[in-house]
């Protein structure tokens, strides 16, 4: 019997070199040819398959994230460019954008509780949702237009009845929808129908109602619309940066990624941004003047007497400085800067709760986004959840602490038309004409003509 040579080495299966050399040579033929061997090879094959698939899977995930990032970036730049174009083109274009945003958001929100199979079996389910939206928009938009342009509407023969009876017309439109809803109730579908009814009204309150305040901000001056919007975006960006940089303490359970450090850092930077940005916008009347011409744009501009908050005032320190401290005791600053501090605080403390509310809503219905209206960003509601509540806060704050209330031409016309008879209105016109004749603004023949008209009546 021959002995193996000393220098001959047998390759063992467990050795690393053997495993490496035989990794790809192990095939199904090894299993079929040796059925008595334990089931080791299939396991090895599964491991081999997984090993070869790990790298492409990771690569595919990376490519997916990369494509999503590119899409998100492109659409972000497109939305920013479109927004600035509309803002500079005129107030009417921004109003159209806000209107489109609220319609898309309303569609996304009511779709959450919608059950397509039940909606198809019931007539007029979707039609009623859109009818209530149209009726509510007619009411809130009509209120705004009448308030800001009553001096135009109340002297027009066609628009006068619509303006005078606007609230009654809006109420009757709602009553028609209510009666139609009750008439459409079907046995076996009560719960679904009333759920849709309640869900629609919630969407109208949270979206259309708040968007109405945003549009009022536009009418009061572009700065009261653009500054709150920019503050929310700035706060969101800095909350993310500060949170990932030194965030440690959780802020709220419903959004675990939010931290106190991110919140405080975002608040500080939002104040700095608001002070600098409002200082720039305050220099241009196009941004600070209320809308008196819907055809105005950044090139034509607007003319008005600026609100006192934009005019710098002298302030003195409430207490004297210690001796030896050579610092000025008086300084000049526009009151707007103090209001910026309050608005920045709202944008940092209150507005994020609109996002928390939306997050809770999505968790309730187990959805990632409200929709896919904006590629790479999700739904319109995902982007505007904080903006709606911030617009409402800005409007309430403006009306309470900033707005200047004085007699306007529209207010005088409204009082003269709605509170006086035709004869009394003619008497008012005669008195005004006499005043203008005495000021040599109009000829005396106008007064003679009015006297003749009064005698005929």
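Glycine is treated like the rest: Cβ placed from N, Cα and C.
A quick note: this is a predicted structure, and the numbers were derived from the prediction, not measured.
If you look up TrEMBL, you'll see 1-44 marked as region 'Disordered'.
Taken from TrEMBL, the feature compositional bias 'Polar residues' covers 24-42.
Annotated transmembrane segment per TrEMBL: 74-94 (among others), in sequence order.
Residues 99, 103, 106, 110, 162-163, 166-167, 169-170, 173-174, 177, 180-181, 184, 196-197, 200-201, 204, 208-209, 212, 215-216, 219, 290-291, 410 of the same chain, all 6+ positions outside the transmembrane segment (128-148), place their C-beta atoms under 8 angstroms from a C-beta of that stretch. The transmembrane segment feature in TrEMBL is assigned to 128-148 (among others).
For 168-185 (among others), the entry in TrEMBL reads transmembrane segment.
Taken from TrEMBL, the feature transmembrane segment applies to 197-215 (among others).
Taken from TrEMBL, the feature transmembrane segment covers 221-241 (among others).
Away from its own ends, the transmembrane segment (262-281) comes close to residues 222-223, 226-227, 230-231, 234-243, 245-247, 251, 287-288, 334, 336-337, 340-341, 343-345, 347-349, 352 of its chain (Cβ-Cβ under 8 Å, at least six residues beyond either end). According to TrEMBL, the feature transmembrane segment maps to 262-281 (among others).
Listed by sequence, the residues of this chain that lie at least six past the ends of the transmembrane segment (338-358) yet keep a Cβ under 8 A from its Cβ atoms are 227-228, 231-232, 234-235, 239, 252, 254-255, 258, 263, 266-267, 270-271, 273-275, 278, 309, 370, 381-382, 385-390, 393-394, 397, 401-402. Residues or ranges marked as transmembrane segment by TrEMBL: 338-358 (among others).
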**Message:** As a test: from 168-185, 197-215, 221-241, pick the stretch that has the greatest number of Cβ pairs under 8 Å with the transmembrane segment (74-94).
**Reply:** 221-241
**Request:** For the transmembrane segment (221-241), find every same-chain residue at least 6 residues outside the stretch whose CB is under 8 Å from a CB in it, and list them.
**Result:** 87, 91, 94, 214, 258, 262-263, 265-267, 269-270, 273-274, 277-278, 281-282, 286-291, 307, 340, 343-344, 347-348, 351-352, 386-387, 390-391, 393-395, 398
**Asked** Hey, which bits of the same chain come close to the transmembrane segment (197-215), Cβ under 8 Å, at least six residues off its ends?
**Response** 95, 98-99, 101-102, 105-106, 109-110, 112-113, 128-129, 132-133, 136-137, 140-141, 143-144, 181, 225, 381, 387-389, 391-392, 394-396
